[in-house]
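See below for the structure under consideration.
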Amino acid sequence: MMPPDIKPRSRDVTDGLEKAAARGMLRAVGMNDDDFAKAQIGVASSWNEITPCNLSLDRLAKAVKEGVFSAGGYPLEFGTISVSDGISMGHQGMHFSLVSREVIADSVETVMQAERLDGSVLLAGCDKSLPGMLMAAARLDLASVFLYAGSILPGRTKLSDGTEHEVTLIDAFEAVGACSRGLMPRADVDAIERAICPGEGACGGMYTANTMASAAEALGMSLPGSAAPPATDRRRDGFARRSGQAVIELLRRGITARDILTKEAFENAIAVVMAFGGSTNAILHLLAIAHEADVTLSLEDFSRIGFKVPHIADVKPFGRHVMFDVDHIGGVPVVMKALLDAGLLHGDCLTVTGQTMAENLASIAPPDPDGQVIRTLHNPIHPTGGITILRGSLAPDGAVVKTAGLDSDVFEGTARVFDGERAALDALKDGTIAKGDVVVIRYEGPKGGPGMREMLAITGAIKGAGLGKDVLLLTDGRFSGGTTGFCVGHIAPEAVEAGPIAFLRDGDRVLLDVVGCSLDVLVDPVEFSSRKKDFIPPAPRYTTGVLAKYVKLVSSATVGAVCG
């Protein structure tokens, strides 16, 4: 049997008389005669200077290229965009966050296809760049390895009352809400602002970036143990070099992304997300990656796995610890080994090491859960996973609630309806949102937003105002991985598609039952149905540019808000 061709595509630009011009161009970037026989590896990086999440990627890309060279390949680095959710939060910029996931996937596909690169190492740090890169890997189905930028170290600050606190980005959003209600002096907000980001790296809690990095490791698309070390830790340079070497070995063995991205691999990723109590954005992103890999994945898979996998990680936003602490006690492999030993993971799934997940875990032999940062399965924080899928008269196609950290399973309250986040923020600032209210923010879905904005500004403000346990928030938009409290998102169908959320009115009674996995409006069905007569959705907010294109293509949140 012939060994796999390690240049399955780049021969299109290096071999034969007709490729003289292409070879001439490649000579100008440093290639010589011997290099034309080597596999060409795209090193795709979302490095930029806009946000600390990606600052380490310039350094890590250099180490990846060293690894590719040492393994006998030739690396060619190229860049793609990244949007900072932390900076774009709470204003018009957040409309562009989720669409950046599609732009990243499309741009990586475009370069890889146009230049006929044989494989890729994909580097990302920000929330949407991680799934964007993994979507590209799944779509292209080449030899691919994913590498995370790493998380930021926790900040520390002293407040005006003399107490010292470990703080993350989310504390700033909550401080704004507290200050607006007179519960915190402005000087303390300033102190928190100056401490939350002490250097490079993604937000430190189990927010979206760290959730997706953990999911990537569980999928088998990144090297075992690579998700948890901080961005500044030089172990990351070692993971980067080994990632460059690994992609060449995958080429030699003929292993491509879809060999790794199986249905069972996605079930492993879901289990790890549930055990960590990770971001609800992981549902959108795993659905989208599965779509690109041609794997059938649905909300029912999240429900099924969530019911049997306990929540065992005491991590922010609901817990006490950050990714730095997870790394200190052994990293993501600690959780994976505990789940594997309990029969909750598929150990036979292939990974980018060329070995199975079980073989990887046996090789690195992670310690048992420490009982503090990571609990044992016999003493979980919650007996089921940290995310619950809801259905009901308000969400016939589904909705998502992050149940990790909730003190109650039932909330019944009175609807306060707002068409967009800004109106809700103004009402909170005015003091007109009260205990027992159900704050409904609609026309924020994938099409209606457009872009399915994250509602961190309002959720942080609600918590900062002391209402985090007393107010239920509903939206057809989505939430930051740092969101806490009674928050239901991804409600589908969305308002602009004439979903039931479009017909809620101030004063309607709404019931959330987490145990029953239901979300209902307590209004006579005949009366509620009568409101649908003559429904006319709002005119599109954007008629030109990328968001106008996005609205024409994007699908429901229930299938990952994918575009085609």
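Placed from the backbone N, Cα and C atoms, the Cβ positions cover glycine too.
Taken straight from Swiss-Prot:
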- Ser480: active site, proton acceptor (ACT_SITE)
- Cys53, Cys126, Cys203: [2Fe-2S] cluster binding site (BINDING)
- Asp85, Asp127, Lys128, Glu454: Mg(2+) binding site (BINDING)
- Lys128: N6-carboxylysine (MOD_RES)
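In the shown protein chains, 32 other C-beta atoms lie within 10 A of the C-beta of Asp127 (Mg(2+) binding site). The number of other CB atoms found within 10 A of the CB of Cys203 ([2Fe-2S] cluster binding site), across every protein chain shown, is 29. Under DSSP, Asp127 (Mg(2+) binding site) is assigned to coil, being neither helix nor strand in the three-state scheme.
The Cβ of Glu454 (Mg(2+) binding site) has 29 neighbouring Cβ atoms from other residues within 10 Å, across all protein chains displayed. What surrounds the [2Fe-2S] cluster site, by Cβ distance within 8 Å of the Cβ centroid and not counting Cys53, Cys126, Cys203, is the set Thr51, Pro52, Asn54, Ser84, Asp85, Gly86, Gly125, Asp127, Ala149, Ile152, Gly201, Ala202, Ala209 from the same chain.
Within 10 Å of the C-beta of the residue listed as 'active site, proton acceptor' we count 28 further C-beta atoms, all protein chains included. Reduced to three states, the DSSP call for Ser480 (active site, proton acceptor) is coil.
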